[in-house]
Amino acid sequence: LKSLTVLAESPVESRELLTELGVEKVIVEGKTAARVTQGDSDKPKQVPPNQEGKEEAPVATAAQPKEPAEQPDAKEGPAEGQQPGGVDNAAEASPAAVSPSRPQPAESEVGNSSPGEKGSDAPSTEARGMELEGKEEEGEAMVEDEEEAKIPKAAQPKSESKENAEDNESGSTDSGQENSGETRLLRSGTYSDRTESKAYAAVTHKCEDCGKEFTHTGNFKRHIRIHTGEKPFSCRECNKAFSDPAACKAHEKTHSPLKPYGCEECGKSYRLISLLNLHKKRHTGEAKYRCDDCGKLFTTSGNLKRHQLVHSGEKPYQCDYCGRSFSDPTSKMRHLETHDTDKEHKCPHCDKKFNQVGNLKAHLKIHIADGPLKCRECGNEFTTSGNLKRHLRIHSGEKPYVCVHCQRQFADPGALQAHVPIHTGEKPCQCLICGKAFTQASSLIAHVRHDTGEKPYVCERCGKRFVQSSQLANHIRHHDNIRPHKCTVCNKAFVNVGDLSKHIIIHTGEKPFLCDKCGRGFNRVDNLRSHVKTVHQGKAGMKILEPEDGSELNIVTVASDDMVTLATEALAATAVTQLTVVPVAAAVTADETEALKAEITKAVKQVQEADPNTQILYACDSCGEKFLDATSLAQHVRIHTAQALVMFQADTDFYQQYGAAAATWQTEQVIPATELLFRPRDSPQEAPAAPLAPVPLAGEGQAPAE
């Protein structure tokens, strides 16, 4: 203790004494700390707040009275920086402590201190000596404690980093230091620097049901809802439930008719900005996913994969009710609504029913007066811009969708899609009861209900029942006398566009409904059905000619010198013995149909006058189809715009008049099966044998040849 009391009287002796005590490191580091402190004295010193109850400032304050007490002369300035107790004081000392040439404060200034401070000098010195003796026994532990007491805060990076780490764990941030670029240790033992540490990626969540792993807890929770079926998020408009909040938010926007996100290139609007961004890629050329079959571009690989199912024909999504398959799940969901007859949501304006409240709300936009989606031509209103565009094509006559098989044009893509199976023969919808197949599911449903007698759609005004909801909707328009579709030629109005299309055919003369048996055209499909039932199924007095006793049919013809003869396989298969043609104009128009009918009738009368018992059969010289009356043949010839062939069956007496000559003419004119015979128009026709002279046309005043 005596050695420590006179420690500051001689710097050399102090150094030697402390070396013997094993605390030389304190002296050396004290100098270094003093020099560092003196060099930084001009800069503002950052004094961090006291943390965790550490009172470091009172230690430096208590060391201040030691210097005057131990050095009464106060003339050796550099020795102050070497004293263990004056290191902290040197950083805040007067300029005399920095420069040894300047005088130190007088002893009287020290005497101005309070008596309590003077009285604390002796206890402080004794405590210091006892502390050094304890540290001498503990070795380096004393050195670390002295460093913490003497080194300024700016020179303690380790302690500061520990304190900052504690602050970061508690959520606070030290304003004096920023730990950007440093790796912080979190409570979980992982590192916050995701790019430098692999511990973050190693933390995964594994699904026990399917084994899928996730690195984010939120994604893992959303995935779990797939297995549990939990849907905690519901729409505020229709109460539809969702398992994901983003999907719920996107769904709620569908209830709003507003589409605030518009494309600057084409003006198309979208409800979601994500859909707009995908649309813009088509203009910028960023749609990099190209179909190898048709060259169409897509913005996402998912859309490309769904599109490729069209070319491959793969339809993995199958309806559980009718067995119809679809290439995407959205089409299947729309199809399933056709099987759902429980439509509890009813429109208060037009009595139309829906199976979902969202569809009802979309329908209610039709009844909004002066709505944004209103046709300027007829005033009809629509819920979507797509439906309005398709409707406007009715007024403009635009038909951008063309069938690749027959080049027929359509205004609606759905109509084209329903038309294509006519050429391909595809009928995916098959009745499980009778096996009959249909091209559309709606036709199958109507067929099943027709067999069962089910008519679930009832008109509340008159009680009439219907098989399909569209039939009921059209029926209700008749009650309300709503006829929005008007003919531009005669201004006649119709309830639906289908009736208008049927009416327009009257003005154009078009007969698009053709009979596949005889080729006759009709302007209405119901007329075609009536024709097939009455003509081609043995009804309405149709004469079916059959040979008696196994003999072949004998045919007598009416001929002309300037006609074209065209025999086909169909004619050859009927065991014909003789054939010629009736004179008809080369091209038959709609106005010339009656004239053609009159010409054929005259030729028939001429033959009937010769033999009243003759049975008559009419046939087309272009395709060989046979008919029962002149009207049917005249209508059919319009399809080919060619000549008409009239075939007659004569009785046995007629052929007996010609004897062997008839057999000779027969061998010359019989057409073998599967052989086609063409004669050019301007080539002279070979005259038959003399006994079989052609019968002249009626009206020329000549009797049949005998």
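Placement of Cβ uses the backbone N, Cα and C atoms for every residue, glycine included.
Listed features, source Swiss-Prot:
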- 67-78: compositional bias 'Basic and acidic residues' (COMPBIAS)
- 90-106: compositional bias 'Low complexity' (COMPBIAS)
- 134-148: compositional bias 'Acidic residues' (COMPBIAS)
- 170-182: compositional bias 'Polar residues' (COMPBIAS)
- 687-698: compositional bias 'Low complexity' (COMPBIAS)
- 1-12: domain 'BTB' (DOMAIN)
- 32-194: region 'Disordered' (REGION)
- 680-706: region 'Disordered' (REGION)
- 205-227: zinc finger (ZN_FING)
- 233-255: zinc finger (ZN_FING)
- 261-283: zinc finger (ZN_FING)
- 289-311: zinc finger (ZN_FING)
- 317-339: zinc finger (ZN_FING)
- 373-395: zinc finger (ZN_FING)
- 401-423: zinc finger (ZN_FING)
- 427-450: zinc finger (ZN_FING)
- 457-479: zinc finger (ZN_FING)
- 485-507: zinc finger (ZN_FING)
- 513-536: zinc finger (ZN_FING)
- 618-640: zinc finger (ZN_FING)
May I ask for the residues of the chain that lie six or more residues beyond the zinc finger (457-479) and have a Cβ under 8 Å from a Cβ within it?
343, 350-353, 442, 445-446, 449-450, 495-496
Reported in the order helix, strand, coil, what are the DSSP residue counts of the zinc finger (427-450)?
10 helix, 4 strand, 10 coil
Sequence gap of 6 or more, Cβ distance under 8 Å, 3 or more pairs: do the zinc finger (485-507) and the zinc finger (373-395) meet that?
yes
Positions whose Cβ lies under 8 angstroms from the zinc finger (401-423), at least six residues beyond its ends:
390, 393-394, 439-440
Within the zinc finger (485-507), residues counted as helix, strand or coil by DSSP:
11 helix, 4 strand, 8 coil
Please compute the mean pLDDT of the model over the zinc finger (373-395).
77
